[in-house]
């Protein structure tokens with residue numbers, strides 16, 4: 001695994017071992033993850049209220065800094081912050097001063113001068129949220145909304161919440177992650193979370209060209225065949241082919257990929273009868289999954305989207321609580 005995580009682990013916790021930033025799954029305890037899931041559970045019903053608000057971040061300002069395109073992640077972070085009663089800034093990177101040559105550090109300093117309390121960051125460069133978390137003052141928390149190939153911890157946690165809702169526990173579960181493992185920050189975070197939460201077996205199914213060279217360090221079983229890898233699994237997680245990150249001819253064609261690794265009803269029949277089907281989105285129908293499966297009775301893909309709001313509410317509220325606890329302790333010492 002990339003060693004960015006060695007520095008991230010202590011950085012994201014305060015002196016009381018509470019979340020201060022949320023940058024990666026690596027280095028957190030099972031209790032940290034279950035606390036996030038349990039907190040998210042309490043926020044799910046907020047979405048069904050006539051007034052979808054709780055006051056936990058009232059008076060706080062959250063800035064969404066998305067240096068990569070996003071629909072679901074950016075929108076659910078915005079909804080999460082607003083449902084927590086925060087003020088939200090959506091920074092348009094293409095029209096911001098960074099497009100005129102302003103450095104990221106200067107941009108952050110200016111936003112801090114405006115008393116922004118939290119940055120939600122998506123960046124193409126692995127480790128960018130880590131750099132930002134190290135750079136900001138103690139009055140700012142940083143949430144990683146996906147960095148390069150490195151990590152996407154909130155996506156992993158909304159996936160864990162979805163699995164727990166449908167399977168009730170992680171012990172005894174066999175989970176298959178299928179597709180572009182090489183370029184997927186989602187897969188890395190999912191694998192870390194599943195292993196930490198006690199899944200019996202995590203499988204990855206992919207052609208050799210879409211596996212990272214250090215896959216043996218992930219704590220997974222590797223399969224090159226759907227016929228073998230799908231057998232008797234409880235959960236199937238399909239991944240998007242990340243063509244924007246691919247260099248060279250890693251695939252003969254999308255049609256050939258679907259024939260070998262796309263999830264059809266025939267391939268899904270190899271899994272357990274009550275297996276659930278997941279996908280982090282966006283879906284490429286007919287490439288990694290066929291419509292009959294994506295829209296079928298075993299699909300929980302839209303459930304994942306709904307859970308994304310609750311999980312991001314949980315992470316943001318917990319990080320803010322960790323920030324406040326640290327600041328309060330510092331003031332008492334002073």
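Using N, Cα and C of the backbone, Cβ positions are placed for all residues, glycine too.
Among 30, 109, 122, the residue that Swiss-Prot places alongside 72, 73, 152, 155, 281, 282 at the carbamoyl phosphate binding site is 122. For the pair residue 72 (carbamoyl phosphate binding site) and residue 185 (L-aspartate binding site), the C-alpha distance works out to 16 angstrom. Residues 72, 73, 122, 152, 155, 281, 282, recorded as binding carbamoyl phosphate, reach a greatest CA to CA spacing of 16 Å. Here residue 185 (L-aspartate binding site) is positioned 10 angstrom away from residue 155 (carbamoyl phosphate binding site), judged by their C-alpha atoms. Neighbours of residue 122 (carbamoyl phosphate binding site), defined as other CB atoms within 10 A of its CB across all chains, total 24. Cβ-based crowding with a 10 Å cutoff singles out 281 as the top-ranked of the binding-site residues 281, 282. Secondary structure at residue 122 (carbamoyl phosphate binding site), as computed by DSSP, is strand. Per-site Cβ counts within 10 Å over the binding-site residues 72, 152, 185, 240 peak at 152.
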